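Per TrEMBL, the features are:
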{"type": "DOMAIN", "residues": "5-69", "note": "domain 'DUF1899'"}
{"type": "REPEAT", "residues": "78-120", "note": "repeat 'WD'"}
{"type": "REPEAT", "residues": "128-170", "note": "repeat 'WD'"}
{"type": "REPEAT", "residues": "172-213", "note": "repeat 'WD'"}
{"type": "COILED", "residues": "436-470", "note": "coiled coil"}
Amino acid sequence: DTMRRVVRQSKFRHVFGQAVKNDQCYDDIRVSRVTWDSSFCAVNPRFVAIIVDASGGGAFLVLPLHKTGRIDKSYPTVCGHTGPVLDIDWCPHNDQVIASGSEDCTVMVWQIPENGLTLSLTEPVVVLEGHSKRVGIVSWHPTARNVLLSAGCDNAIIIWNVGTGEALINLDDMHVDMIYNVSWNRNGSLICTASKDKKVRVIDPRKQEIVAEKEKTHEGARPMRAIFLADGNIFTTGFSRMSERQLALWNPKNMEEPIALHEMDTSNGVLLPFYDPDTNIIYLCGKGDSSIRYFEITDESPYVHYLNTFSSKEPQRGMGFMPKRGLDVNKCEIARFFKLHERKCEPIIMTVPRKSDLFQDDLYPDTAGPEAALEAEEWFEGKNADPLLISLKHGYIPGKNRDLKVVKKNILDNKPAANKKSDLINAPKKAADASNTQNEAKLDEILKELKSIKDTITNQDERISKLEQQMAKIAD
C-alpha cells in the first residue's frame with residue numbers, strides 16, 4: 001500500500017504548458033516599465049489589454065484576441081489618464097468594459113467598441129475620484145453588476161457603484177501601511193487583503209469590520225499576496241525571514257497556524273497567484289521569473305500538491321489569465337496565460353493530455369458565466385449570491401453586451417420641492433420643450449445619415465454599371 005501511495009492520483013498530474021508559435025504572439029509592444037507589482041495584463045474571451053509605456057500620461061492597449069502579429073506603433077490606445085496606469089481589470093459581466101487605476105489618483109471605467117478600437121479612446125464612461133494618492137489596485141465584484149473596488153497608496157479601499165459613479169463604501173482606517181493586494185471571495189461577501197505590515201486581513205466591506213486577521217503571515221519584508229479560494233480558505237505567497245519564497249494555506253476561522261506552509265526557492269520576484277476555482281489549481285508566476293509553477297489544492301495532507309513547472313527562457317514582466325469561458329474545450333485546455341516580455345505578449349496554453357475528442361465533463365464543471373447574479377443596489381443592501389454558472393459543453397458563444405450607462409444621481413433631487421406654483425407648472429413644460437428639441441435634433445441627424453447612405457448607394461450603382469460596360473467591351 002505504501003508503494004501505491006508514493007504517486008498521488010490526480011487528473012492534473014500531466015498538465016503541460018506550451019507557448020504558441022511566433023505568429024500567434026502580439027509583437028512590438030512597449031510594455032510598461034513602471035515599478036509596480038501588478039500583472040500589467042488583463043484578458044477575456046474577446047480582448048487582451050496590456051499596460052504600455054506612454055509619454056505624458058498613462059495608456060494601455062486593447063487588442064482583439066485574433067489581432068496577433070506585429071502591432072503598429074500608431075495602433076490606438078486607451079489614454080485618458082494623466083499619470084501612468086498601474087492596474088487594469090475587465091468587468092466579469094461585460095466583455096467590453098474595463099477599469100483602470102492610475103498614478104493620477106483616479107479610477108476610470110471604459111467601454112471598448114465591439115470590434116476593438118479604431119481611434120484612441122480618451123473619454124471614459126465614468127471617472128471615479130476619491131483617492132488622495134495613486135491607485136494601484138482595481139478589482140470588479142465577482143457576482144454583482146457594476147460594483148468595483150479600488151485600493152490606493154492612501155491605504156484606503158473604496159467600493160464604487162459604477163452605475164451611479166458614487167463611492168458607497170470607504171474603508172480608510174483599516175490599513176496602516178501599503179496594501180499589496182485585495183481579493184474577493186467566491187460570492188463577493190468578503191475581501192481579504194495583504195499589506196506591508198505583514199498582516200492578512202479578512203474584511204466584511206458592508207459592515208466595515210475586520211472579521212479575522214493574521215500578523216506576520218510571512219516573516220519576510222518583501223511583498224505578499226493573499227487570495228480567497230472557492231472553499232473560503234485563503235492562499236498566501238510571501239517571503240520567510242531568510243528571504244525564501246513561501247506559500248501557505250489558511251483557514252480564516254482559525255488563523256493561528258497555517259493549514260500548510262511550503263518553502264519554494266530563494267528567488268526575489270514577487271509571486272503572483274492565479275487561481276482556477278473549477279479545478280482548484282493555483283498557478284504561481286513570479287515577476288522576473290521565467291517559469292510558471294502550478295499546484296493542486298485538496299483537502300488531504302499536504303493540502304497543497306506540487307504538480308509541475310512550465311519553464312521558458314525569457315523572464316516575464318507581467319501575466320494575464322484567461323477566464324474559463326475563453327478556453328478551447330475541444331483541446332482539453334484548462335488554462336491560458338498571456339505572458340508579457342519586454343516587447344511582446346506570448347500566449348501559453350496549459351493542457352491535460354487526453355486521447356478522446358469528446359467533451360471532458362470532469363475537466364470542465366459548470367463555470368462562472370457572464371451574467372451578474374445581483375444588481376449593485378441589492379449587494380449594497382446586504383444580499384449575497386453565488387456566481388451564475390454556465391456549461392462549456394458546446395464551447396462559449398459570447399452574447400451581446402449591453403452598454404454601460406452611468407446615471408449620476410441629481411443632487412437637486414434631494415432638496416425640498418419648490419413652493420412657487422408657477423415653477424411647478426413651468427418645469428414639466430420646460431422639460432418637454434427640451435426633450436422635443438433633442439428629438440428633433442436626433443431626427444435631423446438620422447435623416448442626414450440616410451441621405452448620405454442613399455448618395456453613396458447611387459454613386460456605387462453608377463460605378464458598377466460603368467464597370468459592367470467596360471467589362472462587356474473587353475469581352476467583345
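Here the Cβ of each residue, glycine as well, is placed from N, Cα and C on the backbone.
TrEMBL annotations: computationally assigned, not manually curated.
Sorting each residue of the repeat 'WD' (128-170) by its DSSP state yields 0 helix, 25 strand, 18 coil. Taken residue by residue, the repeat 'WD' (172-213) breaks down under DSSP into 0 helix, 21 strand, 21 coil.
According to DSSP, the repeat 'WD' (78-120) comprises 0 helix, 22 strand, 21 coil. Note: the domain 'DUF1899' (5-69) comprises 4 helix, 24 strand, 37 coil (DSSP; helix = H, G, I, strand = E, B). In the predicted structure, the repeat 'WD' (172-213) carries a mean pLDDT of 97.
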